[in-house]
Amino acid sequence: MKEAISTKLLYISFAVLCIVSSETKLRSMAMKLFDAHCHLQDQRVVDKAPLLIHIANAAGVVYIAVDGITEKDWHLVKEMSDEFDSVIPNFGLHPWYVEGKSRSWFNTLKELFEANPSAAVGEIGLDKSPLAKGVDFGEQVEVFKKQLQLAKDLKRPASVHCLDAFPELLQIMKEIGPFPAGVILHSFQGSPQVVPQLTKLGSYFSFSGHLMPLKKDKARKIVKAVPLDRILLETDAPDALPTNPIFFVPGNATLNQPANVHSVLIYVASLLELSKEELADISYNNALRVFSFQGSKIPLK
C-alpha cells in the first residue's frame with residue numbers, strides 16, 4: 001500500500017511540475033544547480049525524500065547537501081546518501097541540540113566520518129538568538145570548537161549556523177583557521193562588515209529563502225558584499241519556503257523542497273543584477289569547488 005501511495009505521489013508531483021512550469025521556467029531548469037544545504041531527513045518530509053530528490057534532479061538540481069543536526073538523524077542522512085548519488089551527506093551536532101548529546105557523541109561522529117569519506121561536516125554552529133533560548137552558550141562553544149577542528153583536520157568543508165554570534169564565530173575561526181577546505185555560512189544574513197574577515201579565513205556564503213523577508217535594500221547590501229567566487233545557493237528545506245516558490249511539497253504547501261533553489265537563484269540574481277544563467281554557473285561551480293574534497297562523490301578537478 002505504501003509503495004502504491006508513493007508511486008501515486010510521484011506521478012502527481014511530476015504532473016504538477018509540468019503544469020506550474022512555463023516554457024521560460026523550463027528553460028531556466030536546464031541550468032545546473034546545487035542545493036548547498038537542506039534537511040531532507042527532517043521528520044516532516046523524510047517519507048517524501050525520494051520523491052523530492054527525484055523532482056529536484058529533474059529540475060536541474062544536480063547535487064543536494066543534506067545536513068544532519070543530531071545523533072538521532074545521522075543514520076538517516078547516511079542511508080539517503082547511500083541510496084542517491086546526488087545526495088552529499090553532512091554530519092554534525094547543531095547548536096540547538098548540544099544539551100541532548102550522549103557521552104559518546106564525538107566518537108560516534110568521528111567514526112561516521114571515517115566510514116563515510118564522502119561526508120562533509122554540518123550542521124554545526126553558534127546561536128545567541130531567541131531561537132536558542134535556554135541553550136547554554138558555553139556548551140555550544142565547546143561543541144562547535146571540537147567539530148570545527150575536526151573539519152579542519154579531515155580537510156572537509158563545514159556548514160555553519162550562526163545567529164547573533166558573529167564576534168564569537170570570528171574569534172574561534174581565527175584561533176583554529178584558516179580553512180582551505182572551506183567554511184559555509186549557511187543561510188547567511190550577517191552584516192556586510194564581517195564578510196571580508198570571514199572570506200580571508202576561507203568562508204563561503206550560502207543564501208536561502210531566509211533572505212527574502214529582509215528589506216530589499218538590506219538584502220542587496222548583504223549579497224553584494226560577498227565576492228562572486230564565494231556565493232552559494234541553498235534551500236534549507238523543509239524550512240525557508242521562498243516568497244516566490246515554484247514547487248510545493250505534496251500534502252503540505254507550507255514546506256520547502258530542494259527544487260526551490262530555483263526561486264532563490266531568481267531572487268539573488270535580481271539583487272546582484274546578474275542573469276539567472278550567470279549566477280547559476282557561478283554558484284554551481286563554487287559549490288563544486290568546496291564540496292570536491294578528497295573522497296567526495298564529486299570528482300576532483
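Quick reminder: no glycine exception, Cβ is built from N, Cα and C everywhere.
Per TrEMBL, the feature divalent metal cation 1 binding site maps to His37, His39, Glu123, Asp236. Positions annotated as divalent metal cation 2 binding site by TrEMBL: His161, His186.
Distribution of TrEMBL features across the structure.
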residue : record                               : Cβ contacts under 8 Å, 6 or more apart
His37   : divalent metal cation 1 binding site : Ala65, Asp67, Asn90, Gly122, Glu123, Ser159, Ile184, His186, Ser187, Ser206, Ser208, Leu232, Glu234, Thr235, Asp236
His39   : divalent metal cation 1 binding site : Val66, Asp67, Ile69, Glu123, Asp236, Ala237, Pro238, Asp239
His161  : divalent metal cation 2 binding site : His94, Pro95, Glu123, Ile124, Gly125, Leu126, Asp127, His186, Ser187
Residues flanking the divalent metal cation 1 site, with Cβ no more than 8 Å from the Cβ centroid of His37, His39, Glu123, Asp236 and excluding those residues themselves: Cys38, Ala65, Asp67, Ile69, Gly122, Ser159, His161, His186, Ser187, Glu234, Ala237, Asp239
